Amino acid sequence: GNHTLLSEFVLSGLSSHPELRHLLFFTFCFIYTMTVIGNLLICVATVHPTLRTPMYFFLRVLSFLDISTASVVVPRMLVNFLSEDSSISYAGCVAQLYCVIFLGATEWYLLAAMAYDRYVAVCDPLRYAATMSARLCLCLVLLSCCSGSVVSLVQTAWVVTLSFCGPKKKINYFFCDIPPLIALSCSDTSLYEKQIISATVLVIFVPFCLILLSYACIISTVLKISSAESRHKTFSTCSSHLIVVTLYWASGTLIYLQPKSSNSQGTKKILALIYTTVIPTLNPLIYSLRNKEVKEVL
C-alpha cells in the first residue's frame, strides 16, 4: 500500500502511562490558559498610545503567533489525554503540520525583523523614526508571513508525497511534525532529509546569523555609551529578545537538523514541548516583567 490508502494516524501522546493522563491534562491546560491570557494582555497593552512604536508592534505580532502556535498543538493534545481514541485524520494531520511549520518559520523571520529594529534604535537613533516607518514594519511582517507560507507549503507538499503503507499508523509524538512522520514512512527519505536540512539552514540559521550580527553591532555601540543607566536599559531590552532566540535556536536545530538522528523520541518530544508550549508561555513574562513601559500600561 501507499499513502493514498492511509485514512488516519494515531498520536501516542506524551506518556504511555494512563495514570498520568489527568495530571498531564490539568498541567497543560493551566499552561495553555496562561499562554493565551498572557499573550492577549500583551496584545491589548501594546495598543496603548504610549506603546505605539515599532518594537511593540512586532511584539504584538509575536504574541499573536504564540497564541496561534499553542492553539494548533495544545487543545488537540488535551483532548487526547481524556479520550481513548487519539486518532487524527490524514487531512487533519497535514493541516496541523502546515500550520506548525508556517507559524514556526514566520516567527523566526519576525525575530530577525525585531533584531533589525533594535539595531536601528541603538546604532542609528537619530534616524530611527524615519527608517522604521509604519510602512516598513508592516512590510517586514508581511514578508515574514509570505516566507513562512512558502517554506510550509514546500515542506508539507514533500510530506504528502511520502508513503506510509497501511490504513492506520501510530505516530510516536503528541502532534504531527516532520521527524516522526519521516520515521513512520516506508519510502526512501534520504533526499527529503537533505531537503529538511537545507530548509532548516534557510529558516533557522540565516535569521539566527542576522540576529547575531545585529546584536554584535548593538553591543559594540552600547559599550561606547558613558552612562551606566543607559547601558543597563539597552542591555535589559535586548537580552529579552536574545533569551527567546536562544531557546528557539536550541530546540529547533536539535529537532530538524537530524530528523533521523540517534536522539530518542522522548528527547525530541521535550524539545518540541519547549517551542510549542513553554516558549509561548514565557514570552509574555520575558517581555513584560523585564519591560518597565509594558508593566506600567498593564
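Numbers here mean position along the shown chain, with the first residue as 1.
Glycine residues also receive a Cβ, built from the backbone N, Cα and C atoms like all the rest.
Bear in mind that TrEMBL entries carry predicted annotations, made automatically and left uncurated.
What you see is a predicted model, and the numbers here were worked out from it, not measured in a lab.
Quick look at what TrEMBL lists:
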- 38-287: domain 'G-protein coupled receptors family 1 profile' (DOMAIN)
- 23-45: transmembrane segment (TRANSMEM)
- 57-75: transmembrane segment (TRANSMEM)
- 95-116: transmembrane segment (TRANSMEM)
- 136-160: transmembrane segment (TRANSMEM)
- 196-223: transmembrane segment (TRANSMEM)
- 235-258: transmembrane segment (TRANSMEM)
- 270-289: transmembrane segment (TRANSMEM)
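Long-range contacts of the transmembrane segment (57-75) within the same chain: residues 28, 31-32, 35-36, 39-40, 42-43, 46-47, 96, 99-100, 103-104, 106-107, 110-111, 113-114, 117, 134, 137, 140-141, 174-175, 275-277, 279-281, 283-284, 287, each at least 6 residues beyond the stretch ends and with a Cβ under 8 Å from a Cβ of the stretch. Listed stretches 95-116, 136-160, 196-223, 270-289 were compared with the transmembrane segment (23-45); the greatest number of C-beta pairs under 8 angstroms is found for 270-289. Packing against the transmembrane segment (235-258) from elsewhere in the chain are residues 55, 104, 107-108, 111, 114-115, 118, 122, 177-179, 196-197, 199-200, 204-205, 208, 211, 215, 218, 222, 267-268, 271-272, 274-275, 278-279, 282-283, 286-287, 290-291: each is 6 or more residues past its ends and has a CB under 8 Å from a CB in it.
With a cut-off of 8 Å between Cβ atoms, the residues of this chain six or more beyond the transmembrane segment (196-223) that come close are 104-105, 108-109, 111-112, 115-116, 118-119, 122-123, 151, 154-155, 178, 182, 231, 234-235, 238, 242, 245, 248-249, 252-253, 256-257, 259.
Remote same-chain partners of the transmembrane segment (95-116), defined as residues 6 or more beyond its termini with a Cβ less than 8 Å from a stretch Cβ, comprise 55, 58-59, 61-62, 65-66, 68-69, 72-73, 76, 88, 140-141, 143-145, 147-149, 151-153, 155-156, 159, 175-178, 181, 203-204, 207-208, 210-211, 214-215, 241, 244-245, 248, 252, 275-276. Confidence for the domain 'G-protein coupled receptors family 1 profile' (38-287), expressed as mean pLDDT, is 85.
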